[in-house]
There are 4 protein chains.
Amino acid sequence: MDSDQAAPSSTSSRPRVAVLGARGRLGSAICAALRESAEVDLVAELGSADDLGALLERQAEVVVDVTTPDAVMANLEFCVGHGLHAVVGTTGFDAERVATLETWLADAPGVGVLLAPNFSVGAVLMMRFAAQAARFYESVEIVELHHPGKADAPSGTARRTAELVAAARREAGCPPVPDATTSELPGARGADVDGIRVHGLRIRGMVAHQEVVLGAEGETLTIRHDSLDRSSFVPGVLAGVRAVPTRPGLTIGLEHVLDLD
Amino acid sequence: MDSDQAAPSSTSSRPRVAVLGARGRLGSAICAALRESAEVDLVAELGSADDLGALLERQAEVVVDVTTPDAVMANLEFCVGHGLHAVVGTTGFDAERVATLETWLADAPGVGVLLAPNFSVGAVLMMRFAAQAARFYESVEIVELHHPGKADAPSGTARRTAELVAAARREAGCPPVPDATTSELPGARGADVDGIRVHGLRIRGMVAHQEVVLGAEGETLTIRHDSLDRSSFVPGVLAGVRAVPTRPGLTIGLEHVLDLD
Amino acid sequence: MDSDQAAPSSTSSRPRVAVLGARGRLGSAICAALRESAEVDLVAELGSADDLGALLERQAEVVVDVTTPDAVMANLEFCVGHGLHAVVGTTGFDAERVATLETWLADAPGVGVLLAPNFSVGAVLMMRFAAQAARFYESVEIVELHHPGKADAPSGTARRTAELVAAARREAGCPPVPDATTSELPGARGADVDGIRVHGLRIRGMVAHQEVVLGAEGETLTIRHDSLDRSSFVPGVLAGVRAVPTRPGLTIGLEHVLDLD
Amino acid sequence: MDSDQAAPSSTSSRPRVAVLGARGRLGSAICAALRESAEVDLVAELGSADDLGALLERQAEVVVDVTTPDAVMANLEFCVGHGLHAVVGTTGFDAERVATLETWLADAPGVGVLLAPNFSVGAVLMMRFAAQAARFYESVEIVELHHPGKADAPSGTARRTAELVAAARREAGCPPVPDATTSELPGARGADVDGIRVHGLRIRGMVAHQEVVLGAEGETLTIRHDSLDRSSFVPGVLAGVRAVPTRPGLTIGLEHVLDLD
């Protein structure tokens, strides 16, 4: 079976979607939601032991990869090589991996890959709004709150938000945030990510929450995202699945498929 | 003195600014801030009894009007007629007033007027972010909190936010927000503004605060603005003063001069 | 089997507990938790079709009733009559029912019944703290946020909180809360419960949340409770089960068994 | 003039109050408020250069000390020695100073001294509620937010709250708070105060704010205090002034004069 056969048919109203990593917690939640969705046709749910050939047998058009950093590159080489679009939620893409992926895509015109390290539309909006607002405020700090079983602090989303805020401020020529602290109990002022302070709370009963606090003379702006359930990732996955066949080449970040402005 | 003489000089590095309504609470706060600002040259602070001729004598280039709905139209006729740009914080502009203003501006090419019903950059950002996010969420409601001396409920900003949110949802084809309430103590579900519920709290110790709460399956996004002091209006006034000489004709809304996106 | 045999044995280290209403959503969550608990011995899980005689056969000592207003009185008559202590989460106890219950208890010295309309320790603490703080603040309002499938507005907890706050203020001789509203879009100021304003939001993605906002000159105090899962009721049920054998007669309100102060 | 003459007259309806430290920011705010108050008679406003003899000349009954750690002990020796009650907002009382003060009070039966390191009723309530709730929750953390001109982090109130929470948990036999963090960017998890994590934000536009976040399986409780203005200290000072003549000896903490429970 060659890639022509697997290419999306323009007459198909619902994309034929496969999920890789379908046995994981995120993957099984996505499968459950795609099965219910009237927008897509879920044709394959593959775990790590399954053969990728099933993607071709079942004529998948778009592949959602929520596997692991170890598995994702081989999966993408297969998909791109066989003309399958991919929506990738797996993290761990450094510059080298991105370059490799772009080489593969150069040989597969018409194939689209979306790297979406965060499928949550709300988290993406929070990061975007924070970056847009950052240059209007003297002060910005980030507070993230998660369940106490989380191993890393701060969260990846908090770290990423701080980087985006810092970049937006550098671009706008903002001075450093003001801070007159001279006497600090170690850790009281949080972690420093590119000059932006980030604070991580670990609280039983919490799931995944983040607050970006911005302040200027006489006013503050707070953007808060509360994620309570994996079901919140489904709209982001669906937006990616809808968009990726129409975006050949590599797209990094869910924000580009949300039609913001 | 004709309008040529009063027109902004392109060689001037700092705009010559006058304030109308300089004796009011907002006006005097703005004057105090402009006096301190290195960006502008405050040349006139006029109250309701002062003669507008002073604007010409002191060669004002940009006029900030924070007077009253009764006074503002005569002020603007004078400014536009004499080639002075205007930044207007006074409220009460209906379609008729806007049409009149546009007639005057048609006869004064090069003159810019900015109507900014809200000088708070934070409030403008909150409204914009709420409208952008609105179509991604099934539910949206607004809570505003003010001091107990406030006469109207909900606040003008809350009402305006609801209208913008409702318009964004209509444009995106969103269904009505879900609400299964069958038994309601009168008022418990707030006021209905274009299908969006708005709740107003009146609390001693509060100044002016607003929260837009958006929710979808498994996640919520909250955008909160806290305004504690009139000093927060200064950056918005300055942004208007900087921008208006370069925007001939009528501009409605501070958001257009904040270089968002 | 007479009541002597079913009476709690003082040598038993873990109370023998039965659940009535075990097939309901709350009941099955409670059963699941009690099965895991090292503190109690779950000896019976009865649904509406099951015979109450099983309580005696399995030598239950404490009965948790989470049935319905229709069923609860017959259940309690049986329990009290057979010397079984009861912890009751079922709502709908008016003065008449309370009087009947007290008559039964008068004939069963040593038997304890706890009526706990809210098993959430957090909700009970929020109500208590709000009532304690109420007399120190000029203003108090309540905001509750629930999923959009809820039929009543405001929530029972919000209404109860408002009543407790209003009672505490009356007792302390506080004047009415200040409110200068003269122009109100209907509903903007919320529902009036004993002079306290209550606002209900219905937001997809929310579960059950409440905020009590208190304000005085120059400061505000906010007490917020977020309930995300039925598992949060378990500590309250356990506190009731532990306490009720030592509290003969009728106890109304979980707060009395939490050893506050 | 001996102390008998300065002792409070039981026929006086309004206590005669003097303020030491009346030229400082807090002191002048307190004087302004006491001058307006119908409850007290403000008879002296002394700065650091003024002679304490004025307290006797003007027949002060209660002295409010908001001076400095350097000055306060001499002031208190004078007050206690002359039979004047004292309400002390000055901080820096270690065990040695407390012991000295108790020695003086032992020789002055009937004289009361209240040490109130925090005059804010709201802050006192927040600390008390946090300590009461602490044993019901697996997790507790504290977030404080202040203006960026503050020199120390965390704030004294946050540190004190953490100590009270930790003490309450020790007394109740609570295990340590859960935290699975294995990979931490330095500072991300905040400062450790007696095992309780404390996070300090420094944000332009903020004044003094604190949030205590408590969490258990399926629910969280948040207690937040926002202090916007020094005027918020006045009710606490008044409560102290009213209470101290009736509480001979030493009282530490405003909470004891607020008639909680």
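Residue positions begin at 1 at the first shown residue.
Every residue, even glycine, has its Cβ placed from backbone N, Cα and C.
Here the structure is a predicted model, which means the values were calculated and not measured.
Annotated domain 'Dihydrodipicolinate reductase N-terminal' per TrEMBL: C:16-119, in sequence order. Here TrEMBL flags C:Gly21, C:Ala22, C:Arg23, C:Gly24, C:Arg25, C:Leu26, C:Gly89, C:Thr90, C:Thr91, C:Ala116, C:Pro117, C:Asn118, C:Phe119 as NAD(+) binding site. Under the heading domain 'Dihydrodipicolinate reductase C-terminal', TrEMBL lists C:122-258. Residues annotated as active site, proton donor/acceptor in TrEMBL: C:His146. What TrEMBL lists as (S)-2,3,4,5-tetrahydrodipicolinate binding site is C:His147, C:Gly156, C:Thr157. Positions annotated as active site, proton donor by TrEMBL: C:Lys150.
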Near-B candidates in C:Thr91, C:Pro117, C:Phe119, C:His146, C:Lys150, C:Gly156, the recorded positions, by Cβ under 8 Å:
C:Lys150
Over the domain 'Dihydrodipicolinate reductase N-terminal' (C:16-119), what is the model's mean pLDDT?
94
Find, for the listed binding-site residues C:Thr91, C:Thr157, the residue with the lowest Cβ contact count at a 10 Å cut-off, counting only other Cβ atoms.
C:Thr91
What is the three-state DSSP composition of the domain 'Dihydrodipicolinate reductase N-terminal' (C:16-119), stated as helix, strand and coil residue counts?
42 helix, 23 strand, 39 coil
Could you say whether, by DSSP, C:Thr157 ((S)-2,3,4,5-tetrahydrodipicolinate binding site) belongs to a helix, a strand or a coil region?
helix
Starting from the Cβ centroid of C:His147, C:Gly156, C:Thr157, which together make up the recorded (S)-2,3,4,5-tetrahydrodipicolinate site, report each further residue of the same chain whose Cβ lies within 8 Å of that point, ordered by sequence.
C:Glu144, C:His146, C:Lys150, C:Asp152, C:Pro154, C:Ser155, C:Ala158, C:Ala208, C:Gln210
Sparsest-packed of the listed recorded positions (C:Arg23, C:Arg25, C:His146, C:His147, C:Lys150) - C-beta count within 10 angstroms:
C:Arg25
Within 10 Å of C:Phe119 (NAD(+) binding site), Cα to Cα, which of the recorded positions C:His146, C:His147, C:Lys150, C:Gly156, C:Thr157 are there?
none
Per DSSP, what is the residue count of the domain 'Dihydrodipicolinate reductase C-terminal' (C:122-258) in each of helix, strand and coil?
53 helix, 44 strand, 40 coil
Specify the count of other C-beta atoms within 10 Å of the C-beta of C:Gly156 ((S)-2,3,4,5-tetrahydrodipicolinate binding site).
12
If you count, for each of the binding-site residues C:Gly21, C:Gly89, C:Pro117, the other Cβ atoms lying within 10 Å of its Cβ, which residue has the minimum?
C:Pro117
Pairwise CA distance, C:Gly21 (NAD(+) binding site) versus the residue listed as 'active site, proton donor', rounded so that it is a whole Å:
21
Please give the NAD(+) site's span as the largest CA-CA distance among C:Gly21, C:Ala22, C:Arg23, C:Gly24, C:Arg25, C:Leu26, C:Gly89, C:Thr90, C:Thr91, C:Ala116, C:Pro117, C:Asn118, C:Phe119, to the nearest whole angstrom.
20
Cβ neighbour count (within 10 Å, all chains shown) around C:Phe119 (NAD(+) binding site):
24
Quick one: which of these recorded positions, C:His146, C:His147, C:Lys150, C:Thr157, have their CA within 10 A of C:Pro117 (NAD(+) binding site)?
C:Thr157
